[in-house]
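Some notes on the structure that comes next.
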């Protein structure tokens, strides 16, 4: 890894009226992203012509990085998560109204509603082949769906032979490894669980956190899992062996984790900053903070992270409704 690489603020995306909860970027690097928010909507952003302005005045506000051209509405409560299909045609959202929705991005319309959770949906994911959908909720269950909106399996509650989580399931992800089809989940019961996708049976229970788990992320090759939450530590797990590899101390509550698609970096959104770890040295190579400092009562912090597919751009959603866009040096950035 080039030791000199760093991230600089390239601009902002403004359009949400409440906290940004999730950001999804297409895997083919198309110039758009989709974000979800507590304003009960999703926004589709055009980033075809991002600002390349470099500020000469460090006090100047960062430039607008793109424009929202479609607002997706229909959920009756906070939209907590959003992901994209691999072809970039559809967005999938989960909401505190207890439903998932599949959206046709060409029309902005809901094409499918997924009804079955009895409490707030906190996390959603698409399988690599887009044929399966997984969701996690405050009803302590994980549900596996087909794209027709039919629930094929429920883990937890009265289902799953007592293997399910005993607290809110805050985050769920598919492993991208086709040789080991698995689902990884994190919960407020302080555990991370790995499930066999073929039969929805528990494969491994990963324990080590001292507080609730907010976020899990799986590395691009499917070999590693990172988890984080209330205790302010990120645990790195070997998914094949089912064992903890090491800890990284973030020092504050972790709300989101994501691996860089093409560098050995792990990013954590905490209540203090966005931390970028170099996993080779296991050191924080950068601490990203917003260009404005909020009053303590406002608690301005990052809630959600997503990398562009080419690894050049980090999108970070904040409690103030703004998405801040950070560029890896060499890809053009905005000096602050």
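Yeah, the Cβs are placed from backbone N, Cα and C, and that goes for glycine too.
Residues or ranges marked as repeat 'WD 1' in Swiss-Prot: 15-55. Taken from Swiss-Prot, the feature repeat 'WD 2' applies to 74-113. Swiss-Prot lists 116-155 with the feature repeat 'WD 3'. Per Swiss-Prot, the feature repeat 'WD 4' maps to 164-205. Marked as repeat 'WD 5' by Swiss-Prot: 208-247. Summarising the annotation, Swiss-Prot assigns repeat 'WD 6' to 249-287. Sequence annotations record features per position, and here Swiss-Prot assigns repeat 'WD 7' to 297-336.
Through the fold, the repeat 'WD 5' (208-247) approaches residues 167-168, 170-177, 180, 182, 184-192, 194, 253-259, 261-262, 266, 268-270, 277, 279, 282 of its own chain, all at least 6 residues removed from its boundaries and within a Cβ separation under 8 Å. Note: the repeat 'WD 6' (249-287) comprises 0 helix, 23 strand, 16 coil (DSSP; helix = H, G, I, strand = E, B). Helix, strand and coil residue tallies for the repeat 'WD 5' (208-247), in that order: 0 helix, 23 strand, 17 coil [DSSP]. Through the fold, the repeat 'WD 6' (249-287) approaches residues 1, 5-7, 214-220, 224, 226-230, 232-234, 236, 299, 301-307, 309-311, 314, 316, 326 of its own chain, all at least 6 residues removed from its boundaries and within a Cβ separation under 8 Å. Here the repeat 'WD 1' (15-55) returns a mean pLDDT of 91 for the predicted model. Taking DSSP states H, G and I as helix and E and B as strand, the repeat 'WD 1' (15-55) has 0 helix, 16 strand, 25 coil.
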